[in-house]
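Trainee: Pasting a structure here, questions to come.
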Amino acid sequence: MMCPRILMKCKHDSDCLPGCVCLEHIEYCG
């Protein structure tokens with residue numbers, strides 16, 4: 001499943017939409 005291209009701040013993968021992971025070094029989902 002593709003990650004929607006929406007900038008979302010995160011600390012953990014669970015903060016992101018389905019299909020996304022948290023890029024912890026920039027604190028955004030991707």
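Each Cβ is built from the backbone N, Cα and C atoms, and glycine gets one as well.
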Trainee: If you pull up Swiss-Prot, which of CYS3, CYS10 shows a disulphide to CYS22?
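Mentor: When Swiss-Prot is consulted, CYS22 turns out to be bridged to CYS10.
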Trainee: Going by the disulfide annotation in Swiss-Prot, which one of CYS3, CYS16 is bonded to CYS29?
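Mentor: Within the candidate set CYS3, CYS16, Swiss-Prot assigns the bond with CYS29 to CYS16.
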Trainee: Far apart in sequence but close in space: which same-chain residues, 6 or more away, have a Cβ under 8 Å from CYS16 (disulfide bond)?
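Mentor: The list for CYS16 (disulfide bond) reads CYS3, MET8, CYS10, CYS22, CYS29, given in order along the sequence.
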Trainee: Test of understanding: give the count of other CB atoms lying within 10 angstroms of the CB of CYS3 (disulfide bond).
Mentor: 14
